[in-house]
Amino acid sequence: MRIGQYEINSRIFLAPMAGITDQPFRRLCSQLGAGLTFSEMMSTNPDVWHTEKSRLRLAHHAEIGINAVQIAGSEPTEIAEAAKINVAYGAQIIDINMGCPAKKVNKKMAGSALLREPQLVARILDAVVNAVDVPVTLKIRTGWDKTHKNFLQIAKIAEKAGISALTIHGRTRDCLFNGQAEYESIKAVKQAVFMPIIANGDITSPQKAKDVLDYTGADAVMIGRGSFGRPWLFQELKQFLETGDIIDLSIDEKCQLMLKHIEDLHHFYGEQKGYRIARKHVGWYLDQLTPGSNFKRTFNALSSTTEQLIALKDLVKSIR
């Protein structure tokens, strides 16, 4: 599929997720088969652009593949300016967040709260598309709640504005992450517009990815929570969609991917932040590799990157 001038070589994308899709995780997922990965959501508020967190999110050196950056805000001029700044820092695709269900985001009239204001959506999309010379994409939910589903209206506004691709998470904001994703809504959008459509929600296995693509007609699928502690899922999905073959990495191969991820994470964040951020990722890996193990508690008590790597290597030796 194409997004603007870019040919994407895999139909499996990594979703933008705050606190998750930092550069080390994006690089790993790209190496394992993700055709496109999105950065963590960047606020368009200029007051926070100079923080350490923003500095790391703006770090686009050493990216693999196309550099797609997600931004979130509610003021058209501010969002357009943020898009230009990110392009200046190396963004090759700008993604606009209108799907985040978090209260702290919605209180600022950003994320999925914007779905309640279609006219504002149109102004934001027009402003950003006209501000940058890179493809602009959009991520939404199906609506604010079950009585206010306006995904078709938003999709048509997006297409008119020149949005290059639309990702739809098959839930309303009110659903958060509960219940089942409504793939029939994604199918309806695919039938109503001509731009590429990316299906998102509950895609956690190769067969599920194929079923969703077949049912909705979507051009690609986007993986979010299913990738936690399972970056090899991208390799499994890509192999299955291309050949129909199921691959299952060995425990040792998965452990080596975990070690590589944590080493890269430590290097990216440094000693003080690295060991803290590693804890959640290792917890997710352990849920896959050694469910029920007491090692998680031991690992979380460690307070240096060196101690963490020694402990992880000892664990790997014990479970091979």
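Residue positions begin at 1 at the first shown residue.
Just so you know, glycine gets a Cβ as well, placed from its N, Cα and C.
According to Swiss-Prot, the feature active site, proton donor maps to CYS100. When Cβ atoms from all protein chains are considered, those within 10 Å of CYS100 (active site, proton donor) total 24, not counting its own.
Feature annotation from Swiss-Prot assigns FMN binding site to PRO16, MET17, ALA18, GLN70, LYS139, ASN200, GLY201, ASP202, GLY224, ARG225. In the three-state DSSP scheme, LYS139 (FMN binding site) falls into the strand class. Sequence-distant neighbours of LYS139 (FMN binding site) (same chain, 6+ residues apart, CB-CB distance under 8 A): PRO16, GLN70, ASP95, ILE96, ASN97, MET98, GLY99, LEU166, THR167, ILE168, HIS169, ASN200.
Spanning the residues PRO16, MET17, ALA18, GLN70, LYS139, ASN200, GLY201, ASP202, GLY224, ARG225 that the record associates with binding FMN, the maximal Cα-Cα distance equals 21 Å. Between CYS100 (active site, proton donor) and ALA18 (FMN binding site), the C-alpha separation comes to 10 Å.
Other C-beta atoms found within 10 angstroms of the C-beta of GLY201 (FMN binding site) number 27, with every protein chain shown included. ALA18 (FMN binding site): 19 other CB atoms within 10 A of its CB, across all protein chains. Look at the binding-site residues PRO16, GLY224 and count other Cβ atoms within 10 Å of each Cβ; GLY224 has the fewest.
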